[in-house]
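Colleague: Grabbed the feature section from TrEMBL, which reads as follows:
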type	residues	note
DOMAIN	65-289	domain 'G-protein coupled receptors family 1 profile'
TRANSMEM	49-72	transmembrane segment
TRANSMEM	84-105	transmembrane segment
TRANSMEM	117-141	transmembrane segment
TRANSMEM	162-183	transmembrane segment
TRANSMEM	189-212	transmembrane segment
TRANSMEM	233-260	transmembrane segment
Amino acid sequence: MILALVKDCSKKRRLSQLFKDINLSGAQEVELQKMDTKKIVSASSLANYVWTVCFTVKAFFAVSGNLVTIIIFQKKQLRRRPHFLLISLAVADLLVGLLSIPLNIAANYVQNGSPCFLALVRGADMLPGFASIFTLTVIALERMHAIGWPFRHRVLKMQSCVIAIVAPWILAFIVTLCTNLSHLVNKSFVALLLTFLIGTVVVTCMAYLVLWKKAGSQILRRNEVHETRDLRLGKTIAIITVAFLVTWLPFQILILTLSFCNSCLVSPATMNSTKLLHYANSIVNIVIYPARNEEYRAALCQMFSSLWNRSWRSQKTATGSNFRNSTLFAVRKPSDTQRNFDHFHENTRL
């Protein structure tokens, strides 16, 4: 009986020790899971920080560069009807830096956003992009008309220019509104949107083909070797259009692929990389304009030189005023010798 109790007690001790070991290993496993979770969270936080810095830098250059572009094209020597369309394009790129990128950064840190907030993010992201591509299409048609039919283009009224500026924004607003109102984006809507965008790109390409054909025939007929101003501006807009498509299409292709392929998975790095490239179309113009447009480059240099001269003059004026104030103060302030002499003179008089 005693041996049985001893065996039973020893068995209970082994079982209790076994349960302790099991609990210890479970606790260790939980701790390991917590450590892995902390590592994952810290890694994701670091990645979010890096992407936030990249997007913030992109927003800064988009805002500052396009503000400079708008100011330059409003100068008297560059105030022409084709440049009004370029100002509209710069406004669209400016909105990317002011609205699209900041809201996209905020969306990365919001876990459960409201439907209104998500609709605002989508709208702010889509509206400038659609306005840019529609404005580029209108600019291509305007350049085709200017080079192919120059006399008709010169007699166009200002009302036609206003319509050419406003129409892309109205169309972009309608497309953005329809996209946000469709709560469940189905494949038919995506296919319709894709067809519409492809049609816009085709119209732009056809306009440039007609532009080159007309320009070549005019050069051969007139025996001109140098490029006209309109033809050079047309080439500049063509370069801007190609750069826009190169930076804008990868993200759109990725979104369309995810819409049609339910089993496809994309890493956050790939999504952010294509989105960063997508936002790069807002700063390519500020690089192409100085490289291609001599008048723009001269106005840019003039603006920066005037700002430099103004700051230098203000600094020089401030330095001169400080020097005059210190000189007057030194003249008015009596010296120690003078104070001692006045004190001695007062004592002798007493």
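Each Cβ is built from the backbone N, Cα and C atoms, and glycine gets one as well.
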Colleague: Taking 49-72, 84-105, 117-141, 189-212, 233-260 as candidates, which has the most Cβ pairs under 8 Å with the transmembrane segment (162-183)?
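Modeller: Out of the listed stretches, 117-141 contacts the transmembrane segment (162-183) most.
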Colleague: Sort out the residues at least 6 away from either end of the transmembrane segment (189-212), same chain, that have Cβ-Cβ distances under 8 Å to it, and list them.
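Modeller: Tertiary neighbours of the transmembrane segment (189-212) are 133-134, 136-137, 140-141, 143-144, 147-148, 175, 179, 182, 234, 238, 241, 245, 252, 256, 259-260.
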